[in-house]
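So that you can see what the record holds, here are the features copied from TrEMBL:
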- 1-12: compositional bias 'Polar residues' (COMPBIAS)
- 1-46: region 'Disordered' (REGION)
- 13-24: compositional bias 'Basic and acidic residues' (COMPBIAS)
- 26-38: compositional bias 'Polar residues' (COMPBIAS)
- 187-207: transmembrane segment (TRANSMEM)
- 213-232: transmembrane segment (TRANSMEM)
- 267-286: transmembrane segment (TRANSMEM)
- 293-314: transmembrane segment (TRANSMEM)
- 353-374: transmembrane segment (TRANSMEM)
- 386-405: transmembrane segment (TRANSMEM)
- 425-443: transmembrane segment (TRANSMEM)
- 450-472: transmembrane segment (TRANSMEM)
- 484-507: transmembrane segment (TRANSMEM)
- 535-658: domain 'STAS' (DOMAIN)
Amino acid sequence: MNMEPVSSTVYSTDKEHETKDMDIRSLSSSHPQTPNSPHTHKVGIPPKQNLLKEIKATVKETFFADDPLRPFKDQPRSKKFILGIQTIFPILEWGRSYNFTKFQGDIIAGLTIASLCIPQDIGYAKLANLDPQYGLYTSFVPPLIYAFMGSSRDIAIGPVAVVSLLMGTLLENEVDSKKDAETYRRLAFTATFFAGITQATLGFFRLGFLIDFLSHAAVVGFMGGAAITIALQQLKGLLGIKDFTKKTDIVSVLHSVFVSAHHGWNWQTIVIGVSFLAFLLFAKYIGKKNKKLFWVPAIAPLISVIMSTFFVFITRADKQGVQIVKHIEKGINPSSVKEIYFSGHYLPKGFKIGVVAGMIALTEAIAIGRTFAAMKDYQLDGNKEMVALGTMNIVGSMTSCYAATGSFSRSAVNYMAGCQTAFSNIVMSCVVFLTLQFITPLFKYTPNAILAAIIISAVVGLIDFEAAILIWKIDKFDFIACMGAFFGVVFSTVEKGLLIAVSISFAKILLQVTRPRTAILGKLPGTTVYRNIQQYPGATMVQGVLIVRVDSAIYFSNSNYVRERILRWLTDEEEKLKASYQPKIQFLIVEMSPVTDIDTSGIHALEELYKSLQKKDVQLILANPGPVVIDKLYASNFANTIGEDKIFLTVADAVASCSPKLATEV
């Protein structure tokens, strides 16, 4: 009999491949074929694999999917050593091709983001309930470390609003920053140390996929809620209120604002704050309208600080109730190694806060890095990024810094300013160094209102209405996660909002795993293609045959549901047929193409399904089980239980065995 070539998998019979050890099996359909019936293809069974090799392949695919050791293959030992050093310090790789053109771009970008980061750092430090210089410290050491170890060309490192608020809130829950400033500061360094340990550990053990459990929708909601909370917190500085609530929920904050309206507001502070806030928002509008004027919103905060400081100094508005920064300690970062709690009562508290802050900082940095890497078309090694971010926070915690990460606003400015490499972070760090050494005394008369205005203008961009609308259009459950995180942060606390975000993200995963989709398939007219009848209303069902597709792997978590759902499909269809006096269902075909894996519970569920169908006098037929599934069907002897002639490569072949006449229709 002449066999036409087919597109199904063909296993080699070459003796060199040692077919004796491969144990290749195939299932042939033994039903009779008419002269006009199409050839029924065989379902190939993968060769038996060595258990050790199988485990090795699984581990490699799980933890080393990007094949990080590929560059080391077939390289001499000296070359491998150099590649290893370059892997840890990417600056040694891109530094070899560094030139004056790239240097120019990095200098301009570095100076631009420095002008933006200095006023922001002072404000973010206050958000974390720390003295202003700690914000500047955090933009000095961590960017230097990242420039040597990070793989992103565009991320601008430093303190950010969300992480500052998160740390400030969590730390304040443990220690009062005003009554016991030293313990508070030490706990902040301890939390930063463990944030770095968390990040570096995830990267070193290649566990970066864990941060993906916080869905994009949850992150959008959390960031938006945090932005609202941060902006509301700034009303204290913007309105000149002295006695302000320590709570972060919107009800408590607004109550505190309106209670102090008659005696606690300072009109001079309001004039300064609102005027410069309008200026900053207008500058952002100009930069958004004309991309070439990106430098306008970048330099606007520094201009605002200079002008407002000068205004307060010459008018001595501080004597009229306008609150000012007062003193910023001069000099570079002092060592804080001895201030970290490595034992005692505050160690577990620092660890807990550090893990939470580290994960949020990591999520934000990786998201920013991937965004700009995609825009510039280069690969970003997520695990390498985690090690770099972790290392810089570990070193930062020992040099009086609190948790640093990638800032979206500064990274966007860095990108638009034409940065070429991570050297722009070094430039920014040098400017901050000069500021710490020589300029900090000049910030003495900087009004708190201007810092509040700068923070408000910065966090406005974190509220992504377009993303929320898109999430609503695409996935309603995602929108629930988004809104849950948003309202959790706004109406409760940051940590509860984060908990809601994580909980809803996990709930979605569990729902998808435990309740996989199933569909009834019908035949598209004039073809042998079978598709979902809900998606293709023109698809016709085959008389006497019910075709059900399972759109998920079958595991212990969903096996009972899959069995019950298939039987419910059958029951519903039989009731319809009975009502219309049509012939009953004789064959149930389960399309298994999407079923990527099956466990013992899944096999047991199929066995129970088979027994239930036998009682109903319905034959069970399987179509196109994958290599992993068919191997397990054989190992469990289920393939022999239902019969090898009841397993087919395609739905069309399966239908042909049930209804040969239909198979030949065109």
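Every residue, even glycine, has its Cβ placed from backbone N, Cα and C.
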Range from 187-207, 353-374, 386-405, 425-443, 450-472 with most C-beta pairs under 8 A to the transmembrane segment (267-286): 450-472
Leading stretch by Cβ pairs under 8 Å, where the reference is the transmembrane segment (293-314) and the options are 187-207, 353-374, 386-405, 450-472, 484-507: 450-472
Best-contacting stretch, by C-beta pairs under 8 Å, relative to the transmembrane segment (484-507) and drawn from 187-207, 353-374, 386-405, 425-443, 450-472: 353-374
Tertiary contacts of the transmembrane segment (425-443) (same chain, 6+ residues out, Cβ under 8 Å): 106-107, 109-111, 113-114, 117-118, 121-122, 132-133, 136-137, 139-141, 143-144, 146-147, 150, 155-158, 305, 309, 325, 328-332
Distant-in-sequence neighbours of the transmembrane segment (187-207), which means Cβ under 8 A and at least six residues beyond its ends: 63-64, 128, 130, 134, 167, 170-171, 174-175, 336, 339-341, 346-347, 349-351, 353-355, 357-359, 361-362, 382-398, 400-403
Close approaches to the transmembrane segment (353-374) from elsewhere in its chain (Cβ under 8 angstroms; 6 or more beyond its ends): 151-155, 160, 162-163, 166-167, 170-171, 174, 187, 190-199, 202, 208, 211, 214, 219, 380, 382, 385-386, 389-390, 393, 403-408, 411, 415, 495, 498
For the transmembrane segment (386-405), sequence-distant contacts whose Cβ falls under 8 Å of one of its Cβ atoms, 6 or more beyond its ends: 125, 128, 130, 134, 137-143, 145-146, 149-151, 157-160, 163-164, 167, 188-193, 195-204, 208, 333-337, 340, 354, 357-358, 361-362, 364-366
Surrounding residues of the transmembrane segment (450-472) on its own chain - C-beta under 8 Å, 6+ positions past either end: 119-120, 122-124, 126-127, 161-162, 216-217, 220-221, 223-224, 226-228, 230-231, 234-238, 272-274, 276-277, 280-281, 284, 301, 304-305, 308-309, 325, 408-409, 478-479, 482
Mean of the pLDDT scores, which run from 0 to 100, over the domain 'STAS' (535-658): 94
